[in-house]
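Below is one structure; the comments refer to it alone.
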Amino acid sequence: MSSDQEMAIFGEAAPYLRKSEKERIEAQNKPFDAKTSVFVAEPKESFVKGTVQSREGGKVTVKTEAGATLTVKEDQVFPMNPPKFDKIEDMAMMTHLHEPAVLYNLKERYAAWMIYTYSGLFCVTVNPYKWLPVYNAEVVTAYRGKKRQEAPPHIFSISDNAYQFMLTDRENQSILITGESGAGKTVNTKRVIQYFATIAVTGEKKKEEPTSGKMQGTLEDQIISANPLLEAFGNAKTVRNDNSSRFGKFIRIHFGTTGKLASADIETYLLEKSRVTFQLKAERSYHIFYQIMSNKKPELIEMLLITTNPYDYAFVSQGEITVPSIDDQEELMATDSAIEILGFTSDERVSIYKLTGAVMHYGNLKFKQKQREEQAEPDGTEVADKAAYLQGLNSADLLKALCYPRVKVGNEFVTKGQTVQQVYNAVGALAKAVYDKMFLWMVTRINQQLDTKQPRQYFIGVLDIAGFEIFDFNSLEQLCINFTNEKLQQFFNHHMFVLEQEEYKKEGIEWEFIDFGMDLAACIELIEKPMGIFSILEEECMFPKATDTSFKNKLYEQHLGKSNNFQKPKPAKGKVEAHFSLIHYAGTVDYNITGWLDKNKDPLNETVVGLYQKSSVKTLAFLFTGAAGADAEAGGGKKGGKKKGSSFQTVSALFRENLNKLMTNLRSTHPHFVRCIIPNETKTPGAMEHELVLHQLRCNGVLEGIRICRKGFPSRILYADFKQRYKVLNASAIPEGQFIDSKKASEKLLGSIDIDHTQYKFGHTKVFFKAGLLGLLEEMRDEKLAQLITRTQARCRGFLARVEYQKMVERRESIFCIQYNIRAFMNVKHWPWMKLYFKIKPLLKSAETEKEMANMKEEFEKTKESLAKAEAKRKELEEKMVALMQEKNDLQLQVQAEADSLADAEERCDQLIKTKIQLEAKIKEVTERAEDEEEINAELTAKKRKLEDECSELKKDIDDLELTLAKVEKEKHATENKVKNLTEEMAGLDETIAKLTKEKKALQEAHQQTLDDLQAEEDKVNTLTKAKTKLEQQVDDLEGSLEQEKKLRMDLERAKRKLEGDLKLAQESTMDIENDKQQLDEKLKKKEFEMSNLQSKIEDEQALAMQLQKKIKELQARIEELEEEIEAERASRAKAEKQRSDLSRELEEISERLEEAGGATSAQIEMNKKREAEFQKMRRDLEEATLQHEATAATLRKKHADSVAELGEQIDNLQRVKQKLEKEKSEMKMEIDDLASNMETVSKAKGNLEKMCRTLEDQLSELKTKEEEQQRLINDLTAQRARLQTESGEYSRQLDEKDTLVSQLSRGKQAFTQQIEELKRQLEEEIKAKSALAHAVQSSRHDCDLLREQYEEEQEAKAELQRAMSKANSEVAQWRTKYETDAIQRTEELEEAKKKLAQRLQDAEEHVEAVNAKCASLEKTKQRLQNEVEDLMIDVERSNAACAALDKKQRNFDKILAEWKQKYEETHAELEASQKESRSLSTELFKVKNAYEESLDQLETLKRENKNLQQEISDLTEQIAEGGKRIHELEKIKKQVEQEKSEIQAALEEAEASLEHEEGKILRIQLELNQVKSEVDRKIAEKDEEIDQLKRNHVRVVESMQSMLDAEIRSRNDAIRLKKKMEGDLNEMEIQLNHANRMAAEALRNYRNTQGILKDTQIHLDDALRSQEDLKEQLAMVERRANLLQAEIEELRATLEQTERSRKVAEQELLDASERVQLLHTQNTSLINTKKKLETDISQIQGEMEDIIQEARNAEEKAKKAITDAAMMAEELKKEQDTSAHLERMKKNLEQTVKDLQHRLDEAEQLALKGGKKQIQKLEARVRELEGEVESEQKRNVETVKGLRKHERRVKELTYQTEEDRKNILRLQDLVDKLQAKVKSYKRQAEEAEEQSNVNLSKFRKLQHELEEAEERADIAESQVNKLRVKSREVHTKIISEE
């Protein structure tokens, strides 16, 4: 196992490949009982872990880890491996090899995301269903050149081993990858190809061929690009896999003599043709069909004559049509790119798409049966025409060939009739044949392209084929797949055990050869041998009358009862009938033979095949070339005319031929096996289903391999290693002191151990063990080591104790000796003789001094002579030393020169390394940039789709709003007509009725014109939407640009603002039209109401205005009060903040004092901890209370601002209405007089037309002045119209120029797309070049290491010389110090003992001082806590003041409710006035009824018009009750109050719940709170009373509002009843109106003519104004676009210049942009959610649209104010949240500080003062009392916070309702402008990117050249260094010899 340092080369992939050292050590040390730890069989989980409880009578009782107890048989219990085998990398090395051990090892590794595991020769991989970082370039580099045992299991390891074996053994290799669908075979195949394309890269492009469009990339690119193309045509969605390969493939990658890629080819097997015409519900057909219909390339849709809806084509829509994990548009581009890279010509590319489209059309061919015949005939020719056109055929010939095919009978051809079903079968067979042959042809073309004609020597084959399949319904396809796996398993068994047994033979082990490959022979022979299943199937296909039944009977006759592998299936309920069963190695499979004969023959319509051969599509003709006579393959089949008269090759024969070729290829290679496992059916990462995995392990041969392995000796070890490791088991078996061979030692050792001696064998170099024995030896070794270590520890401890005891004895003897001598001296010190001795002894020495002097003189003379000799010798040595120093200096100069040269070489090498690192960074940057661009491109594509969806939804919203507006206008117009008609009927003005009818028609025309204008606006939006879609499609290919993504958010904001501006312009134009219409309406409103009604309304409105002004004043006063309260709250918050800082400072002082004291008692620690927590909690409560108060104040302030704004708007509306009514009053007076005279004239001369004309002339004279004004206006408008037409032409010309510019940009975009493709290819080349450069740098680094080693050797030689020079000096110093230290050693020991005693005394004194300091510190703490209690009392008083302020706010809220109640009463009075007016109108209607009783005979003629008037009267009644609006507003307010009431109720309930929780806390700590409990209970009771009082107040308010609402409902019901009564009266009145209308018709003819002229003039004026506005809008739009384009051009130019100056800044921006992309994605998701919410709100608001339309502008202003207030509130809220978060962090820090101080307080537990403890307890009790008060205040503050949050949500909803719809429409319009600007930006960026790429390429080539030069210089330096090294060694040798 590798160390963590060795695993570091794998980077971030290391944890996913191998366990860390820590985990391995933990596993080895884990407790484990080998006798009781087992796996046990269990029905649900297959196997579970457990512990053996007992064994008796062949039964075992096991307790599982889940706690269940199972009693099972002995053979259902499997021993568990020791913990050191947990997550083992090679399962063949496990002690106990069985199914549960394999299963749990895979499961535990999978849980740790180690998905690769070895199992002997296998590599097992489990699909992780998530991305793991184990395939990057770092991992590829780490595995390169590593042996299998040196690196963790990985597909790269398998690949590298195959590659290395190929190079070293000169043998072809193969990698067999098998597994079920969805297990990851295709992905692992891609990784193998990726590995070879990386390590064996050529880096050279193939030579260009003359055919255009070929050779778009290197060989590596083409090998990699072959995969997307094959996946498009051969992969499909299945139930278990979204990208399942429906064919097998064998990819051969050929290498040259140097190991570089030379070429490649692909062989395919068993393409699932049936999927072309049939799919299950949860599956779909091949990807290519849906890619084409994704509309990513619209030219394909046009070329193939198809639609984009898959459901239009039967062959591809039988299952699902979309796959969430696959982007068909992007996949189409990848497929198309792969076709180009692989060198297909343009004609071949078109042919591929055409044939694919023809297959789709084939599924839509319809046929019917002729009458009275079974003959089929075409049912329409349209589809046949399309299919024939795509295939280059004549449609008539095609249909004729299908319905009347020609068959050969003898030597003649006859025409045969076909039934409808036969024709459909033929069509399906043709479609499958065309698709199959086209797929095989593409594979052939790919192989031709990958064949580079370069010299190639060996290949590595990768086999990706489906694994063993056992389904409920198994057909011929499953038999072929299972037979293939049977052959592969036989091949594996043979290969695996042949290798094993060859090793046994080589090692000389006695072994009886077993051919495990023959284990499967019976099943294989049953299928493929003569008279086998395939043989009988082909024989049956020869007979024309053969059926499935005859085939089954032959099978039974031939094999049932004769072959053990062939059985009759057992009938199973609920499953499809099976006809026979085969026993495969992986299990028994039931096969159903229905349709096998047809599948095997695969017949084709010969006549249609003949047409295909003559097709004008060359590819189709080539596909069927060589198909002669009856079948497309008659001439080419190998068995034609030879096997039982067969003239065709069957599917089974072709399959066996391909399989034999495959097995031949595999037998010629050295195989490597990879088994892919699917862990679960739900694609859940990390989950493993036991039964599913075991089934696959059986099917793919893993357990079969284990079975074979167990029969042999899977564990083996070298003799020397075995002796070294297991010698401890019996050391006496190997004699000491004499040589013994390792083999003999191993034999003796094993013979002396109590084990089964049949479980191992001795080879020549290794000892071989059966499975499990090595684990037993390991356990025995562990036990022996434990015993030895225990014994060693005991002996070591004994020896150390004895040494210490000896030292103690020696010290005691020395002390006794010293004491004895000192006592003896003290005894004789005063003895007289001793004193005399002390005096005489110095005198005795003087006599001897003269002798000593004489001797010294002699010695001096001798010394003098010796000194002279020494001086002479010294001078001689000095001369020698000078010479040596000279030589030394010379050598040092040489060494210095060498060092300098070496330093230069190292410096150059470092520069090269730095250059290489920079290049790698640049290459990595470009690679990451490309990957980011691809990801961004995908994200932007998704965003584009979302924007398109939003656009369509917004368009629908616009339509709905326009319809609503039209409806409102129509209803308004109808209401006005009703009022007009009622007035005329009451006055009896028949002439006026006809006149108003004419005006009504004119207004309808105007209304229609308005609708036309709205339609024109809608068309504009549609045009812009189409332009946006087109531009987005053009920009998709360039969306990878990083700079555009950086600005995307800003562009979207600009787009939104621009669209808002455009929509506002459109709304203003609409409003202008409405104003024009309203001007006409004002003429009609002159006759709408009587004078008395107008007077009463004016008076009512004036009274209401006075009331509203009064309310405004009151609200303003209220706002001032609230502002004062807010200021007070802020002041209290500032005080609380100050107190918090004081408490923090005090806490720091506490910490310092506690550090000085060194600790306190455990009780004090606990109290201090609680006290600090309480302080923090009180601080937090105060801050939360402040936050809540301010939030409440902000909410109230916003509410009052909204109320003031609303009331102000109502006053403005009322004043406008008042002015309007006064104007109407004066005009109506004049017109009433005129109408009165007209009425008299009409009543006197009903039949006299001349009198009526004169009356009209009188009326016209009164209108003469108005007509003259209109005429003058018409003249002005005519001139203006001409001028506008001129401007319109100019604007149209400018618009055309802009369109031309857009088309030019589109063409430029296509060119840039091609340039980007080229840049991508260049990027890939740079990546490959980077790999080569990395190899070169690696070799340079190696050379540098050699130079560094040489330099170190020179340094060592130099140091050796220095050591030799200093050695003599050191020896002299050692001798000198030795005698000095011996003399003073004993004195130092005494001094040391004295110092120790002094030190102990000093320590004791310091301890006493520390205790005194602790006492003083505790006294200080006591004083400080008293001060804190006083501060907290002040805080409580402030909190009480805040509560009082809240109570004041509550009283103000009650006052507001009372004001609203008064407003409701006033509204009720207005309603009663309206009812009074209704009653007066009813009386007048009765009068009209009596006056027109004679008109009953004309009822029928006016019935339809009267019905319309009936509806209009009902609307009029609703409009008369204008108080209804205010009632509706009061209802809204009531609902709000109810909601607030419910919120307050919820808050109160929460407060009660919190109170109960706090009471529970009080009960738990009641022992500590006895002193303050009564006070807390009293305060809680007071707060409860306040809450109850607040509840009662709100209940009373709600009850009063409910009663008012009931009264309002009753009044509305009365109004409805009155309305119904009026409708009945109106029906009677309508009968009377008919007669008067007919009489007045003639009189109004001239008036109509005049009115018509006026209306035409008005229409022309409106048209001119609209044209002018449209042109102005277009001009403004074009100018804005131009300005935006110019501004972005300048901005991008500056940005790119800055990028050139600083590349590092660009890299940082890359990271920032990636983060912003994620942010934009998050914001986009948020906007989508908001949009959905708004759609729901819009549907709720539509019912109130009438009121909203009339007050739209006022509502917009109100919304702006609301947004401003909401923003302010959000800022304040965020500010307070930040403050709260900061305080929370401080709290946590302080709590941590207290915890740290707690440990220091433990030491002083016994020294704490009892008095101090009592005082602290009292203070803590007081603190808790204050805490209770603060918490009670907190409860009320929580209620306020909840109210604030709900109001914030309401503000946001109102803001979105008024703003978001308009913003969404404007955003889309501006997006179009942004995309147009981006086209130019992309163009410039592409050009600059190309230039930058060229610069980088030139730099790279320059650096590569420099690198080569550096390598040459390094070689020269190396040779020089070698020379210097030799020379230096010679000098060194010379110096040593001279010394």
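Backbone N, Cα and C atoms are what each Cβ position is placed from, and that goes for glycine too.
Quick look at what Swiss-Prot lists:
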- 843-1939: coiled coil (COILED)
- 1128-1147: compositional bias 'Basic and acidic residues' (COMPBIAS)
- 33-82: domain 'Myosin N-terminal SH3-like' (DOMAIN)
- 785-814: domain 'IQ' (DOMAIN)
- Tyr389: phosphotyrosine (MOD_RES)
- Tyr424: phosphotyrosine (MOD_RES)
- His757: pros-methylhistidine (MOD_RES)
- Tyr1464: phosphotyrosine (MOD_RES)
- Tyr1492: phosphotyrosine (MOD_RES)
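Shown on the structure are the features that Swiss-Prot records.
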residue: Tyr389; record: phosphotyrosine; Cβ contacts under 8 Å, 6 or more apart: Leu305, Ser395
residue: Tyr424; record: phosphotyrosine; Cβ contacts under 8 Å, 6 or more apart: Phe367
residue: His757; record: pros-methylhistidine; Cβ contacts under 8 Å, 6 or more apart: Leu750, Gly751
Local confidence of the prediction over the domain 'Myosin N-terminal SH3-like' (33-82), expressed as mean pLDDT: 90
The residue listed as 'pros-methylhistidine': secondary structure state under DSSP, collapsed to three categories: coil
Counts of helix, strand and coil residues, the compositional bias 'Basic and acidic residues' (1128-1147), according to DSSP: 20 helix, 0 strand, 0 coil
Within the domain 'Myosin N-terminal SH3-like' (33-82), residues counted as helix, strand or coil by DSSP: 3 helix, 31 strand, 16 coil
